[in-house]
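Student: Pasting a structure below so you can have a look.
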């Protein structure tokens, strides 16, 4: 199979990258009615598979799970998850032939083998669904011509898809139809119905393309969503402990601080996050963010370039073929970091203290969000897509860190995201250790600014506020957040 994106002409590539339209609420007036009475068979029951399935069932759809015979015979975790939640579970041969929609929610590395196994069993005119287009775009999977191919891609980990739905809300979602596979013209109606059934229409849905979803999703998860947060956790903890701060406090400041800081980001963008700081702290965070940008922008650009060209996918698939040697090595190394092994903290940290003592964390989040957004837009991805793949999803990843640190983040995200995260973090950490962290002290991470540093020039503050508010991610973010009026605060 050849990389699908690389078979397109430049004009076609730019057209597919630039597919992005925020859909009006009235376009979902029929909810998931288009799929009512249809048989939806989900293949795989991991985080996305289970949680999307629960939402779809609660929305009134007929949902069952097709698993490999061995998974059923050995009662593996996927079987236990599906059966314990009361779903019908069967083999591919038992369930796929009657399915109207086969929804492939297995890990990326399994997509090719899964599709090759289920496609001969699918009835004529059935639909194949994805939540990530890697198999279509990067692996170039060829799908039978009578099959409709759609995507419904919630922009969050599977656990958050469920939690937001239970709150009466949802997570922003991208939908798409593969241009090579819509023989009956029903793809968009089905994709809209899936988005409604999983709760996405309550938060906002983007009409996108397989190409735009893949190229933006890979960039977001590698840089700001996972990579930058892992970099922040590892380096901030090292600095605090080296400077004499209690390891328990340092670990808690990062583990729960990232969640508190990015909750402010979610509710009101970079502007609100920065406004939670005192004026002197805001100036300091802004200046640190500018320094970080100068050092890390070339790395962000390299990641986006490698994603666009297919180089990232090529090297990752080589690692798949090598038994995930690099992935497993990097996972083990992450588990051995000092932050991951920090003792529990018995004290309490107030919400404001996370900001006052975590100026460096704020600066790193600001840098990551803005640079990831800018680099995606420069590559031809539209601002709306870039916003969801940078700013909006960041707090959802921070929530996983708050549960069980980096281990939880890397368990919840896909193997593809985890691989890209390590690739970015392993490159960024040495750069910052050498060129940035020696300039950092406990005034910006661990203790906060002293009274003597509590001064700021009015003109400088005005310039900084204007720079923050006028950034592209803030402009599009204000518009998109306007559609999410029912957003509930995660941190109570």
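In case you wondered, yes, glycine gets a Cβ from its N, Cα and C as well.
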Student: So Swiss-Prot lists 389, 393 for Mg(2+) 2; which of 201, 217, 242, 243 goes with them?
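Tutor: Answer, per Swiss-Prot (Mg(2+) 2 site with 389, 393), from 201, 217, 242, 243: 217.
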Student: Quick one: Cα separation, residue 221 (Mg(2+) 1 binding site) versus residue 45 (NADP(+) binding site), in Å?
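Tutor: Distance between the two Cα atoms comes out at 22 Å.
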Student: Consider the binding-site residues 47, 78, 389 and say which one has the Cα lying nearest the Cα of residue 414 (substrate binding site).
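Tutor: Among 47, 78, 389, 47.
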Student: Taking the Cβ of residue 47 (NADP(+) binding site) as centre, how many other Cβ atoms lie within 10 Å?
Tutor: 20
Student: How big is the gap, in Å, between the Cα of residue 68 (NADP(+) binding site) and that of residue 132 (active site), rounded to a whole number?
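Tutor: Answer for this pair: 21 Å between alpha carbons.
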Student: In sequence order, what residues of the same chain, 6+ apart, have a Cβ less than 8 Å from the Cβ of residue 158 (NADP(+) binding site)?
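Tutor: Expected: 46, 47, 48, 49, 50, 51, 52, 412.
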Student: Count up the helix, strand and coil residues in the domain 'KARI C-terminal knotted 1' (209-344) according to DSSP, in that order.
Tutor: 114 helix, 0 strand, 22 coil
